[in-house]
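S.K.: Below is the structure I would like to discuss, written out as structure tokens.
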């Protein structure tokens, strides 16, 4: 009887694993054909060669870019170089990327920046918040931006026991922000198992000096996060579920679900067009090529625009798509006055005029 029970349990476990493997294969399918779509006047940005995972543009047109991310399972073209924060002034006729110096006292060799977000205080001081993975840990670094000379002053490192596998961040007040956890586990083996079994254990966190709490959960892999222009709604990308969750923000910072927009492609970082309120999504049309990188058959890039996301019928259109011949592994797109920057996990960055 004991052997029969053991065999039954083993058989059920293998059947479940087989079903989950098929589901995983479907979620990271490489079967999609990419129809090239490119605005006029696009060119690669000189100096950004090792990723540009996230981009945040100030109302003034200054764009902050996080580069050099080393992420488990992803390629890296400069594994021994620390990450950097770059700046571009999109008001210039020919914007160039400038690496920002960081004040003494911060271990720049440990900088491994992921998602970033800016906050402008009442006195117009600009603060940059960056998810950092020093030694594959997760922290949030707070910097003050200095206009003259353009540089960053490190103010604070935020750590918390809930800050595991943090991906992206959106800041809504002084030391008040939402952050996403893209995995529940942190060890490579358990992360792989989590990706296959897909238990939907990832979440959105809220942080303030007074409290840290989980405000939304049940995502396959919570990734990019941003807010509507009126800051009443929070947009969360569930990357492996291929959708965007729209959530209502309450006075106590809790989030409640409103709707889900299905996109049929893996959704990474999100930004909002300041002129229209449209969502821009950096996407991965063939993610298996990210996991198994072949420079002869690289992963493609895709940027989607979601118009009227709060309406009953949001309109989804493609702003940019490429099979990897120009841009590989797009993660983010951000716009300012008809100028668009597209970033990637480990590859280059693109400047386009819309």
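Backbone N, Cα and C atoms are what each Cβ position is placed from, and that goes for glycine too.
Fair warning: this is a prediction, and the values are worked out from it, not measured in the lab.
Features from Swiss-Prot:
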type     : residues               : note
DISULFID : 42-352                 : disulfide bond
CARBOHYD : 50                     : N-linked glycosylation site
BINDING  : 53, 167, 223, 268, 269 : Ca(2+) 1 binding site
BINDING  : 54, 116, 168           : Ca(2+) 2 binding site
ACT_SITE : 114                    : active site, proton acceptor
MOD_RES  : 165                    : phosphoserine
CARBOHYD : 269                    : N-linked glycosylation site
CARBOHYD : 323                    : N-linked glycosylation site
S.K.: Measuring Cα to Cα, tell me the gap between residue 352 (disulfide bond) and residue 54 (Ca(2+) 2 binding site) in whole angstrom.
M.R.: 16
S.K.: In Å, rounded, how far does the Cα of residue 42 (disulfide bond) sit from the Cα of residue 323 (N-linked glycosylation site)?
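M.R.: Cα to Cα, residue 42 (disulfide bond) and residue 323 (N-linked glycosylation site) are separated by 15 Å.
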S.K.: Sort residue 42 (disulfide bond) into helix, strand or coil using the DSSP assignment.
M.R.: coil
S.K.: What residues, ordered by sequence, lie under 8 A Cβ-to-Cβ from residue 54 (Ca(2+) 2 binding site) and sit at least six positions away in the same chain?
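M.R.: Sequence-distant Cβ neighbours: 65, 66, 113, 114, 115, 116, 168, 269, 331, 332, 343.
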S.K.: Select the most exposed residue of 165, 167, 223, where exposure means the fewest other Cβ atoms within 10 Å, treating these as the recorded positions.
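M.R.: Taking 165, 167, 223 as the recorded positions, the minimal 10 Å Cβ count falls on 165.
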S.K.: Counting every protein chain present, what is the number of Cβ atoms, excluding its own, within 10 Å of the Cβ of residue 269 (Ca(2+) 1 binding site)?
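M.R.: Total other Cβ atoms inside 10 Å, all chains included: 29.
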S.K.: Quick one: pull the CA-CA distance for residue 323 (N-linked glycosylation site) versus residue 53 (Ca(2+) 1 binding site), whole Å only.
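M.R.: With the alpha carbons as reference points, the distance is 18 Å.
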S.K.: At the Cα level, what's the spacing in Å between residue 268 (Ca(2+) 1 binding site) and residue 165 (phosphoserine), rounded?
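M.R.: Taking the Cα atoms only, residue 268 (Ca(2+) 1 binding site) lies 15 Å from residue 165 (phosphoserine).
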S.K.: Using DSSP, would you call residue 223 (Ca(2+) 1 binding site) helix, strand or coil?
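M.R.: For residue 223 (Ca(2+) 1 binding site) - judged by DSSP and reduced to three states - the answer is strand.
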S.K.: Closest of the recorded positions to residue 165 (phosphoserine), Cα to Cα, picking from 50, 53, 223?
M.R.: 223
